[in-house]
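Here it is, the structure in full.
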Amino acid sequence: MSEASPAKAYALHLGVIALLFALSFVLPDYHHGLLARIMVLAVFAMGYNMLFGYVGLLSLGHAMFFAAGLYGAGLAVIHLGWNVPLAFLAGIACGALLALVIGLLALRTTGVAFMIVTMMFAQVFYLVILYFAAWTGGDQGLVVPQPARVLSFGATSLDLTNPTVRYMSALALFSIVLLITLAIVRSRYGRVLVAVRENEERTKMLGYDTFSNKLIAVVVSGTICAASGAAYALLFGYVGSSFASVQYSILPLLWVLLGGAATTLGGLIGTVFMYYVIDIASGYTSAYLLIVGIALILLVLFFPKGILGTIRQRWLGWLP
Amino acid sequence: MTDKNGFFDLSKSTLSRRTALKGLAACAGLTLAPGFVRYSQAQSSAPIKIGFQSHRTGIGAAYGRWYEKTSAAAVKAINDAGGINGRPVELVIEDDGTDPGRGAEVVGKFATQHKTDIVFGTLFSHVVIGSAPAAGENKIPYFVVSEGHHVASTKLNRYVFQPGITDVKSQIQSMAPWIAANAGKKVTQIFPDFAFGYDHRDYLPPALKAQGAEVIAQIAIPPTESSFTKYFPQIPAETEVIYHVMVGPAVLTFVKELGEFYGSNRPQLFGFMDSLEATDINSPGLEFLDGSHFWEGSPRYAQADDSAAQKAYRAAVGIDDNGAAVGDPKDVSTASHMFGCWETLYVVKKAMEDAGYKGPEDRAKLVEATEALTEFAEGPEHPQGPKTFNGKIHQCFGIQNISKVEGGKLTVVHKTKIEDGLYEAEGDYTTQAL
């Protein structure tokens, strides 16, 4: 992999952001709404990718971080009457704290054990949501009231249920997380993470505290996923336990594998791809998951490193 | 002023054969032009598009299939009778995977891509609750057939209606008088430890208390449980009635193990048909239910006193006297719930006619016209029975059936009154802005 100049890498990412901004003005209504949702979930994928792609830790429990943000923000609005910015911060804080605790415990393991431990913690989190149904709405979930989903700045206010405001809010979150991710992976810290992924023992031998570095990565990853969950609750108005189920731990893994692990834009590409395959295939057959499965097999055969990962390997070695 | 070229002087013009043919051709061309067709149809005969949010896959698939069959039959009947406001009705179906996230996307797809007039047909509560914000934001009326109390709780929004099936709070309340008078006064509840079970946990005790009976134990069983024997010793010995609402594949094991626990000397059993929808009552392991009683929304088995409307409805949907698909006795229907699709579509028809509905620009009028409805008489449009409708909470109220399992069939032994299921409104949707 050759190194890109900072200008080239940032130009590409700013170009993607500009493209998404421009799409807001030309996309038909349905795709406009769908892309807003995709951008929020692509943030979830980017958070997952931070740990899986760059540190090589495969978690099967990231739904708990997404759900921590979802419930942290949603319940703050529903039960405490907090405004949107405070609720969003509450969601992020919940995810960061949870990630810190889970990281301290789960990082005692590696490999398959790490997968199992994270999955078990996520299952506990899911069952806790069901257990406290009086507050969480249990398996049915809760609606975040439409009048509360307003972002106020003094005399002016932005209604998050307005399609344009929602799209731009999703784009803002996506852009910030994308640029932060890019900055992290290009930093000295990002290189340490890759070193841990490639050979943890050697990294230790070079004097790095790999546990602390991995713990920071878990917290950053969990925080980004929580930001996605908090945004989902506030932008789309629903918090439900299905978002804490194992399905939502598998989905970001699939999105990242499809788009390309350890590529900054892979999360977006994978999420877009999966969403549209499901959306289009379900219009033709109820066996659309079969088509999704076939698409995944073909991708693994022809793009073993994911779409962007393979492009980087074959043509654009400088892709971050 | 004279017109020198005679362009405006009609008296001097003569209509040649060529000119006439050109004119006819131009008219024909205009008529066939896609834009013109769209314009003319929008004014007169373009179909009314109903977005059907179907559980084709996921946990609700058995319901979804029968909801589709029932809705297709209702649409055919409506179209055969002239449609709605003289326009045919067309169902546009999208699978929500019985998932609330996908459900919200599907509602958005109906509103912004298919541009349907309304969205209809959702059953599972979490999908309804997850989709409701999308309906409110898109300002598209959302007619659900869910039986959950979420609509009537007024926690959703003004665009969500449930006019074709009663809600679970009303159903439970209606059962209490009969249970207290006929089955027993000391009741033990066994229910799944999630929202569906909580409705029964919360609403039955006060309803029974009002009838002089009481719930003496409540046993919640985790949804992941596959063996139930260890819970049965918790049932108090003085229990006169076991009220059970287990759902899902484990129900067969539950009934079998309950039978092994009690043998022939058991308390009375009362259950909700939700446990056994799309399941043959004569399946191995269910013998223990013989002689027990069930709530049914609409009877699965044809009854001796079925009305002509009920018979016509069953024939149109294609279910035989045992409640299975005509020609496939193993394909058992979800009769207790699916009638709600039929009745909801007729409510939509009535409301659209009252509102003079022409297109999506009249959606607000449709909401108000639906809220103005008060009664639905029993008949071909409402074969399950008469109903009242509370426009403030967007919920209908109707009769319920209590059926006894005997001879491998379910026979209706009691029909409740509408008044049995009425309760005080918890809010008022009509105060919300449209």
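Here, residue 1 is simply the first one shown, and the rest follow in order.
Placement of Cβ uses the backbone N, Cα and C atoms for every residue, glycine included.
Copied straight from TrEMBL:
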- A:9-28: transmembrane segment (TRANSMEM)
- A:34-57: transmembrane segment (TRANSMEM)
- A:64-82: transmembrane segment (TRANSMEM)
- A:88-107: transmembrane segment (TRANSMEM)
- A:114-134: transmembrane segment (TRANSMEM)
- A:167-185: transmembrane segment (TRANSMEM)
- A:215-238: transmembrane segment (TRANSMEM)
- A:250-276: transmembrane segment (TRANSMEM)
- A:288-311: transmembrane segment (TRANSMEM)
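So where do these features actually land, and what's packed around them?
Residues of the same chain lying 6 or more positions beyond the ends of the transmembrane segment (A:34-57) and with a Cβ under 8 Å from any Cβ of it are 20, 23, 27, 65-66, 110, 114, 163, 166-167, 170-171, 173-174, 177-178, 181, 184-185, 190, 193-194, 196-198, 214, 217-218, 220-229, 231-232, 235-236, 251-253, 255-256, 259, 261-264, 266-268, 270-272, 275, 279.
Tertiary neighbourhood of the transmembrane segment (A:64-82): same-chain residues 44, 47, 88, 90-95, 98-99, 102, 121-122, 125-126, 129, 135-136, 142, 144-145, 148-149, 221-223, 225-234, 238-239, 241, 243-244, 248-249, 252, selected by CB-CB distance under 8 Å and a gap of 6+ residues from either end.
Beyond its flanks by at least six residues, the transmembrane segment (A:114-134) meets 57-64, 67-68, 71, 98, 102, 105-107, 241, 244-246, 249 of its own chain at Cβ-Cβ distances under 8 Å.
Long-range contacts of the transmembrane segment (A:215-238) within the same chain, counting only residues at least 6 positions beyond its ends with a Cβ under 8 Å from a Cβ of the stretch, are 36-37, 40-41, 43-44, 46-48, 50-51, 54-55, 57, 62, 65-74, 77, 84, 87-88, 90-92, 94-96, 98-100, 102-104, 106-107, 141-146, 149, 160-161, 166, 169-170, 173, 177, 180-181, 184, 189, 193, 252.
Residues 12-13, 16, 34-35, 37-39, 41-49, 52-54, 58, 60, 62, 66, 174, 178, 181-182, 185, 194, 225, 292, 296, 299, 305-312, 319-320 of the same chain lie 6 or more positions beyond the ends of the transmembrane segment (A:250-276) yet place their CB under 8 Å from a CB of it.
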Residue list, the transmembrane segment (A:9-28) vs rest of chain: Cβ under 8 Å, 6 or more residues beyond ends.
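Hits for the transmembrane segment (A:9-28): 35, 39, 164, 167-168, 171, 174-175, 178-179, 182, 186, 264-265, 268, 318-320.
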